[in-house]
Amino acid sequence: MDLSELERDNTGRCRLNSPVPSVCRKEPCVLGVDEAGRGPVLGPMVYAIFYCPLSRLADLEALKVADSKTLSESERDRLFGKMEEDGDFVGWALDVLSPNLISTSMLGRVKYNLNSLSHDTATGLVQYALDQGVKVAQVFVDTVGPPETYQERLQQHFPGVEVTVKAKADALYPVVSAASICAKVARDKAVKNWKFVEKLQDLDTDYGSGYPNDPKTKAWLREHVDPVFGFPQFVRFSWRTAQSILEKEAEDVTWEDSQTGHQEGLRRIKSYFSEGPRARLPHRYFQERGLESATIL
């Protein structure tokens, strides 16, 4: 799996994919969707789709794929290698979402929570397969949130496709198991080969599991927090674990209030029609950022 595109720029998102087998453009296909790295405070989240013709599903089952969480790293790598060898009838695609993208989405002025980000990413990957000419007939998805709501949303988006959303789908459907292996192999490789854009001295790459409740991960976070600039972009700074460490270890920041102050109370409607000069407050956007009109250039 070539992650060189991600290694060149790991600040946003990137899509990786295998070639589309010609048979997948001719025969009805089954497609599975799963992710890896939804919960960790470190590293990217990877969404994956995996597909093959319905007529070759038995060949996929013969590979003995399973939920990636039940497999060792070496077993996942071996199975991914086998799936790559079967590239004449199977295909996959990935969407790798950086920690920076996840956190800035969640903390933006317009909130974009992790569930919505996950749903939209999965929908985008299914659409990508269709745009590539894959004859998708069935889709199986490991749920995020209530499966009934998620399934209804996907079914409305893809009315010509039979959609099934289940909890633990990666343990129930081989095509979802295969997607989970693709996602996990990609995330493990991305974390292991992460290129830090920050110039960090004495960088310790023993992060632990990356999950918020891992003592080794917490220790790594405390060790690599800058008192002014916070965490490197490898960290999802929107996670509560990261925020708690920032509150304890980083410097406090005090924002100066705008000189115009805040409008106190609500004005009566008649006041807008009264004669005489009236001070005009700047738009809230400028007040919140402490911006003022420049009088001298």
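Quick reminder: no glycine exception, Cβ is built from N, Cα and C everywhere.
Going by TrEMBL, these are the annotated features:
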| type | residues | note |
| --- | --- | --- |
| BINDING | Asp34, Glu35, Asp142 | divalent metal cation binding site |
| DOMAIN | 28-251 | domain 'RNase H type-2' |
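Shown on the structure are the features that TrEMBL records.
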residue: Asp34; record: divalent metal cation binding site; Cβ within 10 Å: 28
residue: Glu35; record: divalent metal cation binding site; Cβ within 10 Å: 24
residue: Asp142; record: divalent metal cation binding site; Cβ within 10 Å: 26
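Same-chain residues with CB within 8 A of the center of the Asp34, Glu35, Asp142 CB atoms, the divalent metal cation site residues themselves not counted, are Val33, Ala36, Tyr47, Ala48, Ala122, Val141, Val144, Ala169, Asp170, Val176, Ala179, Ser180, Ala183. Over the domain 'RNase H type-2' (28-251), the average per-residue pLDDT in this prediction is 93.
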